[in-house]
Structures are given as C-alpha cells and as structure tokens.
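Novice: Below are the structure tokens for one structure; questions will follow.
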Amino acid sequence: MATYDVTASPIKINDVTKIMGKISLFRKINILSFLRRLNSTVDSTETEKFSLSLKEWWDDRKGPAAALHSMNTVRVPLIKEALIGTRDEAGELGPHPLKGFSILDVGCGGGILCESLGELGSDVLGIDPNPVAINVATTHLMLTKNSSDIKDRVKYQSCSLEDLIKADSEPIDTDSSSEDFDCVVASEVLEHVADVDMFVHQLSQMAKPGGSVVFSTINRTIPSLFLAKMAAEYIFNILPRGTHDWNKFVTPEELDEIVKRHSMSTVSVIGLGYNPLTNVWNYQSDTNMNYFLHAIKQ
C-alpha cells in the first residue's frame, strides 16, 4: 500500500453522465427511501447528528461545520488530482478544469464539498439520508451568488447509497448504468456508517471501471481518541458532543484491505493535519489522525 502521493492517470470521457438529469430516476429513489433494506449501511443514530440549520452548516468561521469548510482547501485539490493528475498545476485548464467529469458525493450533508467541486466544472450528485441536510444544501445552492451554471451542474437527493444503487439497477434506458461516476467521494463519512465493508462495496458499484473512489476519514489511534474525539468535542467544541464513536474509526491498513476485496486498488494514502486554533488543514507525512485514501476501480 502506497503511503505517498501517486499521480493517477487521466480518465478520458466519451459522454457526460446523464443520471443526474433523469427525473424518473429521482422519483424511484423517493419511493425507495421509505423502504430501507434490512442490511442498510445507514446508521439512523448517526444521521440524526447532522440535522443542522442552514446557518450552522454554512457558517464557515464559527459554525459546527467550520472545519469541513476549511478542509476543502486540502480535499478538493486531492480530488482534482485524482481525476486529472498534475495536468493543471499552472492553471492552464481555466476556471473549470473538471468539466466533463461526474462526481458522486456520498453523505454530502449541507453541500459544502459539492458546491466547491461544482465550481470547478464537474457534474455533481450529492446524496444524504438526512432530508434536513439535503434541504439545507438545496436551499443554499439556490441562494448562492455563483453563476447559474453551477446550479445546473450540482444536484441533491435525499436517499441512501442503497437506494441509489437499487433505483439505478432498474434501467430507464440503454444509457443508464450503475457504473456512472468518474469519481465517488466518501469524505468524513466512513466513521459514521453501520457496515464499512458493505459501504465500500456499494461505493465501488457506483464508480466506472478505471474510475476513482476517494475517502477522507479518521484513523483509529490513541492520538485520534484524544484529539479527534475528546479535544474536538469536549475541549475546543469544534464538533457537537457525540459526533464520533472512536470504535468506528478505520485504519489505513484496514481500509486498504477492504478496497482490495471489492475490485479496487489503493493508489495513494496521504496524511492530513488540522490545527483547531487556526482552523487550518495541511498535508503531512503521517496518518495518525486524518488521512485521504485514493483507490481506483479495476
């Protein structure tokens, strides 16, 4: 398993994914959202933790999601590199370097990451089983002062990953497929799901062959117990108390083994550091706390 950044090969797109524009697909998802499967990866107690208001989700300085806003400075470049490699180091691809790429953001919450990816030109579908969070994301997108085209590129749906797979497995036409996305993102979600192995399998199902599946999550270490759990929730009050369960944290080694079991291979693992006093993220060599893992579907 690599523990350093490795540039992914650029993925060539012949057709822009149509799934986000299919109204009939969304209607099926709405029905399926009321029929949760018994083996669902959704943990309802975890979902309820993120029923924040619009103001709370989008207060990027003092709100409970401020660390997620700041995290975009490190995770967006890593997702961009996963899709186009280092071809845009000089900004030669213009303001929309991800144009033509489709991204699925699983557990999108209030849309903090989705909007940033949409601003780079990608077509983004954000899903979350929490309807309150999706309402926040949709409302903020409508109120944004950004150009109207981002509102056409970014879509939201209140559903679980299981719902999306089930709906998409019933073809609407010959163009629909369960392997729709160039990149599937699970950012700060893995530590909240009920069944990690099943969840990773489902993420793989939604990626195209050769597509990327990327994770940002918290390592299960003694430092993370004190910093990501105790300090973040009880000392600095960065997160609401009870946000994390340390026992649900997944190590990079464990995640690497899981992605291998589901027809993926790890390309890179990068450590992420966070300073709660300055609300600043940075890349670092060790993965004792947070880390980013990029896998490619075979």
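Every residue, even glycine, has its Cβ placed from backbone N, Cα and C.
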Novice: Select one of Asp59, Asp123, Asp128, Asp168: the residue that TrEMBL places in the S-adenosyl-L-methionine site alongside Arg75, Gly107, Ser187.
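Specialist: Candidate in the recorded S-adenosyl-L-methionine site: Asp128.
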Novice: Name the residues of the same chain, 6+ apart in sequence, whose Cβ is under 8 Å from the Cβ of Glu191 (Mg(2+) binding site)?
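Specialist: Listed in sequence order, they are Thr217, Ile218, His244, Asp245, Lys248, Phe249, Val250.
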Novice: Please identify, among the binding-site residues Arg75, Gly107, Asp128, the one with the smallest Cα-Cα distance to Glu188 (Mg(2+) binding site).
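Specialist: Result for Glu188 (Mg(2+) binding site): the nearest of the binding-site residues is Gly107.
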Novice: Hey, which of the binding-site residues Asp128, Glu188 is the loneliest by Cβ count within 10 Å?
Specialist: Glu188
Novice: How far is it from Asp128 (S-adenosyl-L-methionine binding site) to His192 (Mg(2+) binding site), counting Cα to Cα, in Å?
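Specialist: With the alpha carbons as reference points, the distance is 12 Å.
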Novice: Looking only at C-alpha atoms, tell me how far Arg75 (S-adenosyl-L-methionine binding site) is from His192 (Mg(2+) binding site), rounded to the nearest Å.
Specialist: 19
